Each structure stands twice: as C-alpha cells, then as structure tokens.
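Taken from Swiss-Prot as is:
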| type | residues | note |
| --- | --- | --- |
| SIGNAL | 1-20 | signal peptide |
| DOMAIN | 27-110 | domain 'Disintegrin' |
| DISULFID | Cys68-Cys77 | disulfide bond |
| DISULFID | Cys73-Cys96 | disulfide bond |
| DISULFID | Cys74-Cys101 | disulfide bond |
| DISULFID | Cys86-Cys103 | disulfide bond |
Amino acid sequence: MIQVLLVTICLAVFPYQVSSKTLKSGSVNEYEVVNPGTVTGLPKGAVKQPEKKHEPMKGNTLQKLPLCTTGPCCRQCKLKPAGTTCWRTSVSSHYCTGRSCECPSYPGNG
C-alpha cells in the first residue's frame, strides 16, 4: 500500500522524466537532452556548451537601490565617506568605514 502511494506521488511530482541512453562507452553520464524524450549522444569526453540567446541591453534598465536606509553612517540613502565621525564620547571618537551604515562600536548596534 505504501509503495503504491509513493509511486503515485512520484508520478504526480515528476511526470516528465526522460530516461538516459547508455552510450557505447557504457557511461550514462555522456548524453545531452535535446528535448524531452530525445537523447543525443556526444563523443567521449565532449561537452556541448548551451547556446546563448541574450539580447543586447537597451538603455539603463537597472534601478539604483539605496545603499543604506538608516544608521549613523547613512545620509540620504548613501553611505557617509570613510573617516566621518559617527559617534563621539568625551574619551574617543568613532568613524564610519565607508562600507557600512553602522558605526563601529556604536552602542545602538547591540
């Protein structure tokens, strides 16, 4: 009963499995799936690279994301330059690294 249930689940989840074709070399790892159900053998040791079908990018389609949103080393969604004072005590000062919105050793960092 359990085996029937497992087979049914497998068939429901993986309905379009393609069986591999064993080549003359005896290796099942040397095959190329052209489309489901069709397997084309490659020469021993050959690797076929997939075709690249990329269209050239037209204009700047990427949106700039904010580098930071809050923190003592963040101003208007941009990181403050390295060396900018982010926290000062009577004994010492702490400076932004230019790579993080958090101040090193800032008490609000936890």
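Every residue number used here counts from 1 along the chain in the order it is shown.
Glycine too: its Cβ is placed from the backbone N, Cα and C atoms.
Features as recorded by Swiss-Prot, highlighted on the structure.
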{"residue": "Cys68", "record": "disulfide bond", "CB count, 10 Å": "16"}
{"residue": "Cys73", "record": "disulfide bond", "CB count, 10 Å": "27"}
{"residue": "Cys74", "record": "disulfide bond", "CB count, 10 Å": "20"}
{"residue": "Cys77", "record": "disulfide bond", "CB count, 10 Å": "13"}
{"residue": "Cys86", "record": "disulfide bond", "CB count, 10 Å": "21"}
{"residue": "Cys96", "record": "disulfide bond", "CB count, 10 Å": "24"}
{"residue": "Cys101", "record": "disulfide bond", "CB count, 10 Å": "21"}
{"residue": "Cys103", "record": "disulfide bond", "CB count, 10 Å": "22"}
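Straight-line distance linking the Cα atoms of Cys77 (disulfide bond) and Cys101 (disulfide bond), rounded to a whole number, equals 9 Å. Looking at Cys73 (disulfide bond) and Cys103 (disulfide bond), their Cα atoms lie 6 Å from each other. If you take the Cα of Cys86 (disulfide bond) and the Cα of Cys101 (disulfide bond), they are about 10 angstrom apart, rounded to a whole number. For the pair Cys103 (disulfide bond) and Cys74 (disulfide bond), the C-alpha distance works out to 10 angstrom. Counting in whole angstrom, Cys96 (disulfide bond) lies 9 from Cys74 (disulfide bond) by their C-alpha atoms.
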